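What Swiss-Prot records for this protein:
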DISULFID  95-177  disulfide bond
CARBOHYD  3  N-linked glycosylation site
TRANSMEM  25-45  transmembrane segment
TRANSMEM  64-84  transmembrane segment
TRANSMEM  96-116  transmembrane segment
TRANSMEM  142-162  transmembrane segment
TRANSMEM  192-212  transmembrane segment
TRANSMEM  238-258  transmembrane segment
TRANSMEM  271-291  transmembrane segment
């Protein structure tokens with residue numbers, strides 16, 4: 001279908017129309033974005049500078065931190081600009097690009113979370129072969145496959161949406177270009193792209209969740225059969241942070257996207273739930289992974305101590 005689009009820009013309504021709340025919302029999101037960048041860059045820095053953290057687990061964590069930075073940077077800068085300037089518009093191309101990157105990076109995160117759960121499964125359930133199975137080459141291949149899977153799954157439905165005609169209203173009741181609000185503005189039959197979106201959401205979300213759940217089922221079974229209480233606690237502590245992240249991220253996304261149809265989605269509810277996987281979860285992730293990880297905390301304290309000694313000389 002030829003693109004007979006007449007709309008050149010969209011209006012993002014954001015979270016609230018109340019003028020008195022705009023400054024508060026802006027400051028809140030600005031602080032949140034700063035914390036996300038600080039926390040994830042800190043993870044990247046720590047896992048790069050200390051050779052003790054040159055392990056598959058921290059290699060995957062570093063890649064996940066990079067993904068989180070890009071994922072949130074797709075939304076936050078434009079959202080903050082719209083709030084502070086009062087101009088809530090986004091160009092047609094900008095909206096398509098934002099939607100594509102949001103789903104591409106988000107889908108890649110699902111696959112990377114599944115890879116991280118498999119890494120923990122091998123480490124706990126098959127520790128003697130861990131170094132052999134999770135070699136550097138395998139780790140690089142798993143990360144590459146995660147990126148390629150996200151790209152290949154999203155590029156087809158995104159290109160179909162891009163070719164659709166937008167000739168009617170241009171108001172999106174959201175704070176970014178999400179899939180369902182965008183499809184409501186298409187002036188043509190959207191059954192094909194809806195079906196593709198539903199299938200891809202089920203495959204990427206529920207498929208990777210099945211892998212993650214299976215891995216952690218085996219992990220919990222193995223942990224419960226460890227005779228030493230101290231070793232059980234140590235083994236569980238390496239996985240608990242990942243379980244928390246998975247629960248938050250998957251829970252919000254399944255609520256939003258694993259449903260067929262674009263009608264009756266409850267836009268206001270979707271905006272609130274979208275805050276979980278675009279704002280709350282990325283903010284909590286660095287703190288969950290660092291505050292619950294003794295090795296990361298130890299390395300961080302050592303580097304802070306070195307910096308303090310260096311600054312005092």
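Glycine is no exception: its Cβ is also placed from the backbone N, Cα and C atoms.
Away from its own ends, the transmembrane segment (25-45) comes close to residues 14-16, 61-62, 65-66, 68-69, 72, 76, 79-80, 83-84, 279, 282-283, 285-287, 289-290, 296, 300 of its chain (Cβ-Cβ under 8 Å, at least six residues beyond either end). Within the chain, the transmembrane segment (142-162) has long-range Cβ neighbours (under 8 A, six or more residues past its boundaries) at 3, 59-60, 63, 96, 99-100, 103-112, 115, 118, 179, 182-183, 186, 192-193, 196-197, 200, 203-204. Just going by CB pairs under 8 A, the stretch in 96-116, 238-258, 271-291 that sits most against the transmembrane segment (64-84) is 96-116. Residue 177 (disulfide bond) has a Cβ environment of 24 other Cβ atoms inside 10 Å. Long-range contacts of the transmembrane segment (238-258) within its own chain (CB-CB distance under 8 A, at least 6 residues past either end) are made by residues 57, 106, 109-110, 113, 116-117, 120, 123-124, 179, 197-198, 201-202, 205-206, 209, 212, 216, 219, 270, 273-274, 276-277, 280-281, 284-285, 288-289, 292-293. Under DSSP, residue 177 (disulfide bond) is assigned to coil, being neither helix nor strand in the three-state scheme.
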